[in-house]
Structure formats: C-alpha cells, structure tokens
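Notes for the one structure printed next.
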Amino acid sequence: MTEAAVGSDAGQRQDASAAAPPDDSLPRRGRWAGYGICVWSSLYVVPHVYWAAGGTIGMPGVFKEQGGWIIANVGASVVLCIAAVLGLALVQPWGRRLPRRLVLAVAAVGYVVPGLHVIYGYATKPFALAGRYELDLSPWARVDERKLILTDLLIFEPWFLVEAIMFIVASLYFARSTRTASAAVRD
C-alpha cells in the first residue's frame, strides 16, 4: 500500500470521527423536554394518588362505583411514573444503552395517546358545553356537568397537550442523538 493511500485512509477515518460529535457536544435544545416530562408526569401523579386515596377536591361529582375510580387513578399513577422514567431515558446516557427502536416505540405511545386525548377532548367537550353533544355521565351518581367539561378543557387537555409536545421534542432529540452515535460506531 502506498503512503498516499495510507494517508488517504487515515484522513477518511479522521473525517468520519469529526462528522460524529461526541455525546457532550450534541445540541442540548431537546434535552429540556425529557426532564420536563419527568417533572410534569411526577407532578400529575400527586392528584391521582390523592383521588385514589378517596380525596374529593377538584372532583365535579361523585362516582356510583368508587372501586373503578380508585383503580383508574392507581393505573394512571403507574403510567405517569413510567412516563417520568421514560422522559429521563430519552435524554440521559443510560437511555442510550436501551434498544433504540423500543425506546422510540414506547415514546411514540407517550405522544400519540395524549395527543389523541387532546383531539377527542377538544372535538367533543365544547359541543357538550353548548348542548350539542351528550356526554356519557352514567358512571356518576351526581355530577356538575359544566364543571366536569370546564375542568377537562382548561386543566386536563392542556396537560395532555404539553405532555405530547414534550414527548415529541424529547423523542426527536433521542432519535437524532442516537442516530449520530450509531453512525459513529459503524464508521
């Protein structure tokens, strides 16, 4: 092999490593979203634990069957804790040791489900408030329908919207940063 060929090969390897920055030099713009998911989800666990324990503050009424309400809030608390950890996995170095496609697939659930919740909520609740759409209130023993709708529109749907946006941003950050890292490994 000639000296020019060896020098050329070394230059290509040097160029490839220069093209893939080390983890520390990756843009941090998307990282805030992963931490935001962790904080946002953790904060939302608090009212669910309170409601699962029988608390009634913030409730627009009383359910006929409290057992289902307790199970729903315990389940929501578990899902929110998983979301908090997933938010960190999207931006922490330990998250890069997990299977990339699995992390991205679970993160997609993290933005699709809240996104669909927002679409459904904003598509139906204003019509219900205007009397043009009838909500299924059968689980409630008594309920203030207006308070139920306004709480959903002004508190819950914005929460889901912010969660979905943060999952999209953190997922894009993770996809970009792991793609760069995997390209550097292949070269």
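The backbone N, Cα and C atoms fix where each Cβ goes, and this holds for glycine too.
Remember, TrEMBL labels are computer predictions, not curated facts.
What TrEMBL records for 1-26 is region 'Disordered'. TrEMBL lists 32-50, 70-90, 102-123, 153-175 with the feature transmembrane segment.
Among the recorded stretches 32-50, 102-123, 153-175, the one sharing the largest number of Cβ pairs closer than 8 Å with the transmembrane segment (70-90) is 32-50. Distant neighbours of the transmembrane segment (32-50): 57-58, 73-74, 76-77, 80-81, 83-92, 110, 159, 162-163, 165-170, 173-174; these residues of the same chain sit at least 6 beyond its ends, with a Cβ under 8 Å from one of its Cβ atoms.
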